[in-house]
Amino acid sequence: MKHFIFIILLFFTSLAKAAEALSVNVPDTLAERVKACAICHGAEDRHSRDAYYPRIAGKLEGYLFNQLRHFRDGRRYYQPMAILLENMSDEYLQEIARYFAALDLPYPSPESVTLLPSEANLAEKLVYSGDLKRNIPACSACHGKNLMGTAPFVPGLLGLHSTYLTAQLGGWHSGGLIRGKIANCMADIAKQLTYEEINAVSKWLTTQPVSGKPANQLSPEMAQRCASIVSENGDAR
Amino acid sequence: MIQTMIIIARESKNNFLFLGYMLALLVVADTTMVNASPEKTAMSEQRRAQGEYLARVGNCLGCHTAKGGRPFAGGHRLITSFGTFITPNITPDKETGLGSWREEDFWKAMHEGKSRDGKLLYPAFPYTEYTKVTRTDANLIFAYLQSIPAVSQSNPPHEIRFPYNSRPLLYLWRALFFKQGVYEPDPSKSDEWNRGAYLVQGLGHCNACHIARNVLGAIQEDTVGGGQIMGSNWYAPSLTSRREAGSMHWTIEEIIELLSSGVSQRAMTSGPMGTVVRQSLQYLSQDDLRAMAVYLKSLLESNAQPEVNYPEMPENVRKYLAQGEKLYKKYCEECHGITGQGASGIYPALAGNRSVTMTIPTNVIRSVLNGGYPPTTAANPRPYGMPPFQQIIRDEEVAQVVSFIRNAWGNRGSLVSAIDVGQSRGSSH
């Protein structure tokens, strides 16, 4: 009898093993579903080859959702993103945005770049005071006093690589393919900047330590100036 | 109206006069209600809903909406080997859309491929298929299109290259390749089969992609035999070949599942077909899906090739494939499995996968380069996806890994080179 039970047990164990080999075991989680994103926006820090890909963990949900839709709908251009998102619903993109916004991963230590004192001065002036003569507001006026962004749509500027920051500001500045398709206040501001200023600000931002939370609300003046960003949320597909 | 009454009440010093006003208003209100009879409203609402459904089946939205643009306002760029067509605005705007069109005009476009002014339309508008649509269905679609919000949007003109930009050439083209006529049911087949054939050949215009075209962009045979999609680096597999996307050996249920949800046990829609599922097929009624499945399953197999006994692989080929196997273990095995078995409905199996082994390797190369997600549909709202591997591996490595999966676990397919990989790039969608 014992022998018989043993054989029965052996039979079921091997059946289970066979079933396992038949199909890959896939967790029913969002983390598994967005594994495709991690190849570029990985959890680990990538300073060298992949410095271009921005960190998305912990960014504001509203900001991430808007960017996902911009990539999908061709308002922000990057081919790999456009292809990945092409057939995704708003609901799913919102869920993905919420997932990455809630990811609480440690920030890497700031990038070490050579920043001349003159560059640092120039950057700090633009970041905290802007240049009123040229109608350039301080970065901190929208992106928060601590530059960690303003809910719900304005992104934080810290914890990003200088390559990425330069490319974005440069894209707006030249009205190029990447960012030039979105007419908004950021494009207007970046068009006023010189290349020297773009470089200085990007380098300075990347050397700053990350700490603090995003601000709650834009000032009425900036909310009005950047009304197109605030109202982006209403775009139906 | 309430405001009017309040004004009247304030101004009328005489209560009697006010009562008179009120009575008059009531009478007016009453006649208005009689004029818009509830049956008539219900009927036009029903016609509108039917038209909306048919417009979904025909996927008018797919071409007549620019990426991120207003629905049906046109401006989508259709890139072909003859130049770029910019789709027109078909909302009921008087100036820039179909606002001044009549039912008759719409019928002429769908059935004869002619614009309102008699100008011949370019067959980028698939009237070669739409000509099979019945007058009743065309009228319903028109009624729906006239009921959507008008959008004022003028789109730029087509950018067609010489000599194709000469419209008279279209006369010649039509004489050679256009057969006008509504779908004629085959009395020897069931109603269901005929409905499926009507949808696949006509309104669904599957032939627009799943067919080989000659140098003049005309369909070569009247079967859904597979072909390169114009202006896109995707190959639309043959629906009449067991080795491609033929479904003669599938169950009706599985065909329905793939068309309506975008994924099934052993297949997954991607690229342009994923878009068609998202924009159109997922909204089809069960009856229509079943009819399409019945028809597709019944298609006769074309060029059935006998099983080939492949010779033993030479040493250098085996070495090349071993390189690919290494990459497979590193990047692919976690999802697609040790034996290429995949996870049903989530990560497609690669063993026995026809998209992997098809003679033309474009689609499998593109999948590795760009990754992608199947469409979000009601039945599969949160799909799993594949990363764009071009971000981290070189063309040579893509070629190695694709060659490996085309020849592992019982698969057999030609080897792929870095040049093939390079040629599969260069299309934005």
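Glycine residues also receive a Cβ, built from the backbone N, Cα and C atoms like all the rest.
Under the heading heme c 1 binding site, TrEMBL lists A:Cys37, A:Cys40, A:His41, A:Met81. Taken from TrEMBL, the feature heme c 2 binding site applies to A:Cys139, A:Cys142, A:His143, A:Met186. Taken from TrEMBL, the feature domain 'Cytochrome c' applies to A:13-104, A:125-209. Taken from TrEMBL, the feature signal peptide applies to A:1-18.
Summary of the heme c 1 site environment: with the site residues A:Cys37, A:Cys40, A:His41, A:Met81 set aside, the chain residues having Cβ atoms within 8 Å of the Cβ mean position are A:Ala36, A:Ala38, A:Ile39, A:Tyr53, A:Ile56, A:Pro80, A:Leu84. In terms of DSSP helix, strand and coil, the domain 'Cytochrome c' (A:125-209) has 45 helix, 4 strand, 36 coil. By a Cβ separation below 8 angstroms, chain B lies close to these of the binding-site residues A:Cys40, A:His41, A:Cys139, A:His143: A:Cys40.
Between A:Cys40 (heme c 1 binding site) and A:Cys139 (heme c 2 binding site), the C-alpha separation comes to 27 Å. Of all residue pairs in A:Cys37, A:Cys40, A:His41, A:Met81, the annotated binders of heme c 1, the farthest apart have Cα atoms separated by 12 Å. Each residue in the domain 'Cytochrome c' (A:13-104) has a pLDDT score, and their mean in this model is 85. Other residues of the chain with a Cβ within 8 Å of the Cβ centroid of A:Cys139, A:Cys142, A:His143, A:Met186, the heme c 2 site, are A:Pro137, A:Ser140, A:Ala141, A:Val154, A:Leu157, A:Ile189. Max Cα-Cα distance over the annotated heme c 2 binders (A:Cys139, A:Cys142, A:His143, A:Met186) is 11 Å.
For A:His143 (heme c 2 binding site), the nearest of the binding-site residues by C-alpha distance turns out to be A:His41; the candidates were A:Cys37, A:His41, A:Met81. Comparing CA positions across the binding-site residues A:Cys37, A:His41, A:Met81, the one lying closest to A:Cys139 (heme c 2 binding site) turns out to be A:His41. Annotation: A:Cys142 carries the greatest number of neighbouring Cβ atoms among the binding-site residues A:Cys40, A:Cys142 [cut-off 10 Å, Cβ to Cβ]. Cα separation, A:Cys142 (heme c 2 binding site) to A:His41 (heme c 1 binding site), rounded: 25 Å. Across the structure, A:His41 (heme c 1 binding site) and A:Met186 (heme c 2 binding site) place their CA atoms 24 angstrom apart.
When the alpha carbons of A:Met81 (heme c 1 binding site) and A:Met186 (heme c 2 binding site) are compared, the span between them is 21 angstrom.
Listed in sequence order, A:Ile56, A:Ile96, A:Phe100 are the same-chain residues at least 6 apart in sequence whose CB falls under 8 Å from the CB of A:Cys37 (heme c 1 binding site).
Between the binding-site residues A:His41, A:His143, A:His143 has the most other Cβ atoms inside 10 Å of its own Cβ, all protein chains included.
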